[in-house]
Amino acid sequence: MADNDNEKARETMCMALQGSQASSVYSLVAVEMLLLLVFSKLLHLLLLRRLGQPRLICDFLAAMLMANIDTVKHHFQLVIGDVIDPAGEFVFATYLFVLGLEMDPRLLLRRKGPEASVAYFGILSNFLLTLLFFPVLQDMHIAQKDDFLTSAGLAAILATTSSHILARLATELKFSRSEIGRFSITAGVTTDLLSTILMLVGYTCYSLYNQWKWTMIGITYVAVETILVFAVITPVVDWMNDRNPEGKPLKGQYMVAAFMIPAMLCYLARKAGYDWKLNAFLVGLALPGKGRISSFLISRINFSLTYLILPFYFVLVNMKTGDDGNSSTASFSMVGVFTILGGMGKTLGTMYAGIMRHDMKWEDAMRIGLLLNVKGPYHFFCAHMAVNSHLIDRNTMNTLMFSFLVSIAYIPMMAGRIRQKIKKSERELTGIQWHDAGEELRLVVGLHGPRNVPLAVGIIEAARVGTTSLAVYTMDMVQMTERAAAMLVHGQDLEEATVLDEQIMEMREHINSGLETYKEQLNDEDKKHLNIRRLLAIASFDDMHHDICNAAEDVKSVLIILPYHRRQMVGGGLSEGKTGFKNVNRKVLQNAPCSVGILVDRDQGRKKLASSLVLQNIVVVFIGGKDDREALALAGIIVQHPSINLMVARFLPDPAAIDKANRTGHQAFAFDADEDAEARADEQYFTAFHERHSGKKNLVCMDVHVSNGAETVAALRSLAERHELFIVGRGEVRWSLVTAGMSDWVEHADLGPVGDVLAASDFSTSTSALVIQQHDNRKEQKVIDDDFLPM
């Protein structure tokens with residue numbers, strides 16, 4: 001009896017010890033995964049991000065290094081069968097579900113243009129080239145069993161395009177708005193959709209050939225499931241969308257239901273004998289891609305995959321790599337073969353369709369072909385599943401994955417070539433002063449958030465009446481954080497990207513609501529002459545100016561209006577604001593293809609805009625120079641609005657101060673020959689403006705005589721008491737009695753001496769300012785101040 005008790009005690013102790021060891025292993029694996037995430041983040045920030053490489057490459061390289069540490073490998077080998085392999089299948093199914101949810105199968109019926117043609121011929125070319133060169137691949141011993149099956153699977157993998165990676169890289173590297181960028185994204189989505197469907201059909205046919213009984217049951221289930229999704233689940237999802245409008249928090253029960261519905265469908269597919277991973281793609285494809293529920297699923301799953309699950313999965317993948325007898329030279333040659341095979345297949349098909357069928361330039365066709373060769377997580381999943389199915393060996397999987405990395409790594413260099421191609425060496429002067437009054441006036445208005453909308457609307461209303469037609473492109477300026485990058489997807493029209501992050505979506509919804517409220521106050525006739533369109537600039541602060549300048553060039557804007565980086569606080573002063581937006585404004589001032597206005601928005605001015613969207617009193621400060629002439633040109637449009645009282649204050653040196661300056665050997669203005677011509681241009685332009693608009697009752701032109709900069713500041717303060725908005729030129733650097741001494745006080749040189757005074761915290765609590773810089777295509781790329789470095 002005692003022996004039995006001892007035996008049971010020993011068994012209990014052994015089980016407890018094994019449980020303790022297992023718990024210890026899992027804890028160590030968790031700590032190692034945390035270190036992996038930290039290491040990947042540092043690798044991205046300190047090195048690869050500077051080279052334009054995406055986070056995906058950092059995750060794979062970090063996982064590869066960690067997987068080759070013996071201690072880590074030992075810990076993972078202990079749990080790889082129980083946890084990691086099933087987790088890998090779940091990750092693959094989840095990714096396929098989101099892939100299907102973001103796709104619209106109707107694209108295959110609608111796309112009949114050159115993008116669809118390029119996609120079709122790219123897939124066909126990849127298949128033919130892979131089958132043609134398969135004897136060469138056989139000599140490398142990549143197949144473990146059925147040669148035909150291996151060749152078909154390899155051709156399918158190389159034929160696909162990771163449209164999500166392409167769209168994200170195009171957005172981050174600032175070529176998504178170019179003609180080549182838009183064409184590539186559209187063709188990439190079509191390629192992605194068609195190739196994935198072909199792979200699914202091929203897998204089903206192969207399963208039908210080998211296990212026809214279970215496959216027929218699975219196909220029957222898929223048919224019933226499709227009917228169920230369209231007849232029952234889609235109306236339920238639409239009902240859930242109606243119960244959760246945009247801008248409000250998603251209710252908890254609907255979050256649970258959003259995850260449970262696809263999970264239950266995939267579970268039933270597995271019980272029916274059909275591959276539940278491919279069924280996840282079909283479920284995503286059948287469910288509605290639009291709406292709050294779909295956006296919630298896409299954003300949450302994409303974020304989890306990108307920043308938590310994929311690094312963990314890549315460790316698993318690298319654990320599967322090993323040495324099966326191939327030398328390092330052979331492995332290196334295989335990477336080259338796979339890379340060339342994929343790139344050549346896409347390029348040949350694209351060049352044939354683009355050049356022979358659509359008169360495309362061969363350079364553009366080649367670039368599009370190389371862009372369509374980009375690979376992503378889907379291809380890593382497929383390579384891993386091929387090893388698990390014993391279609392290829394581990395060395396082949398390893399070389400395939402390195403070739404996928406190469407297909408991503410060259411995209412930044414390609415983006416630089418594309419940007420260099422679309423950048424014009426010489427631009428025409430583009431500004432309000434040269435705008436033809438009979439043509440549509442186009443403005444790009446940047447917005448940091450809803451707080452910028454009232455004053456922006458006030459300026460839009462001020463310019464609306466004085467133009468034949470006004471087109472305003474409001475651009476939401478969003479910093480590209482890691483969370484935003486993970487939730488970045490291409491729009492439904494495939495023309496531009498959008499972000500599914502709830503905070504960003506809520507911000508954009510509030511902005512849109514403010515703009516819609518403004519348009520509703522207009523009568524039908526006024527609405528015909530005003531067109532407000534929405535744009536999104538999502539980028540890092542270092543690159544956001546590319547989006548803004550490219551958009552202004554694309555829409556042929558004459559003026560870009562950007563919010564000042566500082567905002568008014570409750571006490572009346574201005575906060576320091578975000579330095580990132582400050583540098584964005586400076587880079588736009590240096591690189592813009594048209595005139596630029598920096599809008600200093602004082603919140604107290606909104607009280608006057610609450611009851612009316614019309615700015616009642618505006619003053620234009622005219623001292624001289626091309627920037628002031630541009631401000632006066634805008635005044636010529638604003639003065640047409642009958643509800644606006646406009647004052648043009650021309651600042652001139654006091655005659656007594658001029659005599660004193662002459663006696664001391666100074667001049668009122670220090671001009672060289674060019675500046676003297678500028679002075680004559682100022683006089684002519686101001687005289688023409690006065691003659692053209694002198695009969696208008698809502699216009700007052702006055703001369704303000706001052707002796708120095710201090711008197712100028714005092715005069716500006718007195719004007720601020722009676723006006724809601726200043727419009728002033730940024731001003732060139734030249735000595736004048738009017739601004740004497742003001743340059744010594746300048747805190748923010750990007751606003752110029754007068755603009756800096758108007759933006760000072762102690763200047764006013766209710767008067768905003770618009771500081772304008774006129775476009776100059778002859779300007780040199782100079783820094784604005786010593787602490788700002790150009791690109």
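The backbone N, Cα and C atoms fix where each Cβ goes, and this holds for glycine too.
Segment annotation: TrEMBL labels transmembrane segment over residues 336-356 (candidates 336-356, 378-398, 546-566).
For the transmembrane segment (252-269), the residues of the chain that approach it from at least six positions outside its boundaries are 93, 97, 218, 221-222, 225, 229, 233, 236-237, 240, 243-244, 275-276, 279-280, 283-284, 287, 293, 296-297, judged by C-beta separation under 8 angstroms.
Note on the domain 'Cation/H(+) antiporter central' (470-606): its mean pLDDT in the predicted model is 79. Long-range neighbours of the transmembrane segment (336-356) within the same chain, counting only residues 6 or more positions beyond its ends whose Cβ lies under 8 Å from a Cβ of the stretch, are 114, 117-118, 120-130, 133, 136-137, 140, 158-159, 161, 187, 362, 364-366, 368-370, 372-373, 375, 399-400, 403, 406-407. If you look at the transmembrane segment (218-240), the same-chain residues 6 or more away from its ends with a CB under 8 A from one of its CBs are 204, 207-208, 254, 257-258, 261, 265, 268-269, 272-275, 279, 282-283, 286-288, 291-294. Listed as Cβ neighbours of the transmembrane segment (399-418) (distance under 8 Å, sequence separation of 6 or more from its ends, same chain) are residues 51-54, 56-57, 60, 157, 165-166, 169-170, 173-175, 178, 180-181, 317, 331, 334-335, 338-339, 342-343, 367, 370-371, 373-376, 379-380, 383, 392.
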